[in-house]
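According to TrEMBL, the features are:
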ACT_SITE  170  active site, proton donor
ACT_SITE  272  active site, nucleophile
């Protein structure tokens, strides 16, 4: 394991605009009780994209495709590290077209594209947490053991630890990286169980853990030295204030409103796919 962890600096991001079909698909597929306001969601997403650009990212913005209602959640399509992109395999076959689109883009951007050989494997990127030193992969309704093994195969230079997510949502709904060797984690029973598993089974034992009351507040994006988090004046304000206090006044941070996407259990990190362009933009497949 490297003594110098990845610093979470990125050159690029892929995002997708919000399809109007997401509202109805969410009600049907996710059995949600609150109806999304699509126009409000689109406004929130444009602010999200603007924030990414302000952080110096070259943002590749895909047009909305009404046949792909969940296309805005691009994080699920790939796991990217050190110039290699593992193309994920969704359990929902209706999302396969999303995968093909992202594969094409990442190949064009010069990343080494890795496909999963096992036909029984399923995996979403939202179940994969890279700490800069190792991978934690959540076994959930979306990701199975074969999918987790694909992460270990694609990134043999890093340890991979499996975690059982005792709820039918993604691992990153409970935990994220917010600084070097520092993670924020929620306060639910599920989150506490995940922390126990990480402490017992993880390869690296010196993480700083910021425990928060609210699971939603624990999902952040740490990009180019800035932590993106939910608004302080949201319902999770108490947790956000604790997070910022623990990070310290020298940490750069910015707010992202996620209220409409939270209605379908989707967190901040789900709406972008971060990567670094290779210095030499050569196309490699393996």
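Any Cβ shown, glycine's included, is placed from N, Cα and C.
Automatic prediction, not curation, is the source of TrEMBL annotations.
Ranked by how many other Cβ atoms sit within 10 Å of their Cβ, the active-site residues 170, 272 place 272 at the bottom.
Residue 170 (active site, proton donor) is 15 Å away from residue 272 (active site, nucleophile) when you measure Cα to Cα.
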